[in-house]
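A.B. asks: Take this structure, written in structure tokens, and hold onto it; I'll ask about it next.
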Amino acid sequence: MHATVSPSRVRGRARAPPSKSYTHRALLAAGYADGETVVRDPLVSADTRATARAVELLGGAAARENGDWVVTGFGSRPAIPDAVIDCANSGTTMRLVTAAAALADGTTVLTGDESLRARPHGPLLDALSGLGGTARSTRGNGQAPLVVDGPVSGGSVALPGDVSSQFVTALLMAGAVTETGIETDLTTELKSAPYVDITLDVLDAFGVGASETAAGYRVRGGQAYAPSGAEYAVPGDFSSASYLLAAGALAAADGAAVVVEGMHPSAQGDAAIVDVLERMGADIDWDTESGVITVQRSELSGVEVGVADTPDLLPTIAVLGAAADGTTRITDAEHVRYKETDRVAAMAESLSKLGASVEERPDELVVRGGDTELSGASVDGRGDHRLVMALAVAGLVADGETTIAGSEHVDVSFPDFFEVLAGLGADTDG
């Protein structure tokens, strides 16, 4: 599918979708629990549906009721799945469920779509093998399809922190119900650390204790997942909100604003988008008590931003940089190349097609907004929901029509993105 976006002025109120990261973790935590847990206000998207299906294949149940997800847990010992677990495009599902599958007393096979089958899982496979299980890639390259044999009983394991923080999350969540717990020692600096903070936040809400250590993280074994009141409410998603906030900062109508609701403080690192916009000179206000962020169109200036902990913000920041005066330098970005696509290369290519002056480096993306006049063009979302949404925001301020291929991939995290954008006044047929 293709979506077109034409130059537009936007205004009004919108609510960002619930957090994808929190929804994934809440669904699996509810799977680890005994009995029934209601996950309230979840994100229902292609990725989170993949996690719900995995919970069912591991012996639990996940039913939609009145906008919530009612999950019946499989407890501390998942069943051996009677089919291959298809994680579709969801790397979070594959990493978290691979560790869960290592608790089963038997063999589990996991796969995904073409994009997911190109993403790295080797450090997690090595860790599970070091904990007493057997975990391997069928192609011997650390990529799916994966075959996992359990059960693991716990222990200590070393793994790199600069490939994916999801490996740590997977081991913490599974480790709580092992006999002895799991301790991870990180051999390299942890990238995307706020995502582990999200995990610790969810574990705490489910009554599970885990902590950071001098060398990594530790979770005690023999714990039980038991959320207060047998329910858990998912907060709003700052990654998704970033596109709406960027739209307001770049394209709000004169005297008007874009107001994004449901944005209460949480452990999400991508709340940093508010600080980034402030540093660029945006007229933005966050009422943390009400969870409302208001942003008006402003003259922006380039800044330097490190994305070691916020890889999902790179596409948004790159678009802001293309429309700002001066140079925006996005650093600590090498790990962003291992997402649904190589987001550094993809944004460099797409913004260049739109007329931006962009320089791609191994660990950086440099956008020279002062040398840029954005013009509409046909660009490819590369099957990556975050590229599609960021490029749609660029289309609001490009001269002429911007056509984005692969617009259907917004279903991964923000299924009604184009409807929300149109509701704010954008000229789009997405």
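Every residue gets a Cβ built from N, Cα and C, even glycine.
Annotations per Swiss-Prot:
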type	residues	note
REGION	1-20	region 'Disordered'
BINDING	Lys20, Ser21, Arg25, Ser164, Ser165, Gln166, Ser192, Asp312, Lys339	3-phosphoshikimate binding site
BINDING	Lys20, Gly91, Arg119, Gln166, Arg343, Arg386	phosphoenolpyruvate binding site
ACT_SITE	Asp312	active site, proton acceptor
A.B. asks: Within 10 Å of the Cβ of Arg119 (phosphoenolpyruvate binding site), how many other Cβ atoms are there?
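C.D. replies: Within a 10 Å radius of the Cβ of Arg119 (phosphoenolpyruvate binding site) lie 19 other Cβ atoms.
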A.B. asks: Based on DSSP, tally up the residues of the region 'Disordered' (1-20) by helix, strand and coil.
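C.D. replies: In the region 'Disordered' (1-20), the DSSP-based counts are 1 helix, 11 strand, 8 coil.
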A.B. asks: Within 10 Å of Lys339 (3-phosphoshikimate binding site) (Cα-Cα), which of the recorded positions Arg119, Gln166, Asp312?
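C.D. replies: Within 10 Å of Lys339 (3-phosphoshikimate binding site): Arg119, Asp312.
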A.B. asks: Of Gly91, Arg119, Gln166, Arg343, Arg386, which binding-site residues come within 10 Å of Ser192 (3-phosphoshikimate binding site), going by C-alpha to C-alpha distance?
C.D. replies: Gln166
A.B. asks: Far apart in sequence but close in space: which same-chain residues, 6 or more away, have a Cβ under 8 Å from Arg343 (phosphoenolpyruvate binding site)?
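C.D. replies: Set apart from Arg343 (phosphoenolpyruvate binding site) by at least 6 residues yet with Cβ under 8 Å, we have Pro311, Leu314, Pro315, Val336, Arg337, Asp384, Arg386, Leu387.
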A.B. asks: Are there any residues in the same chain, six or more apart in sequence, whose C-beta is under 8 angstroms from the C-beta of Ser165 (3-phosphoshikimate binding site), and if so which?
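C.D. replies: Expected: Leu190, Lys191, Ser192, Ala193, Tyr195, Val196.
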A.B. asks: Determine, to the nearest whole angstrom, how far the Cα atom of Gln166 (phosphoenolpyruvate binding site) is from the Cα atom of Arg25 (3-phosphoshikimate binding site).
C.D. replies: 11
A.B. asks: Between Gly91 (phosphoenolpyruvate binding site) and Arg25 (3-phosphoshikimate binding site), how far is it from one CA atom to the other, in Å?
C.D. replies: 13
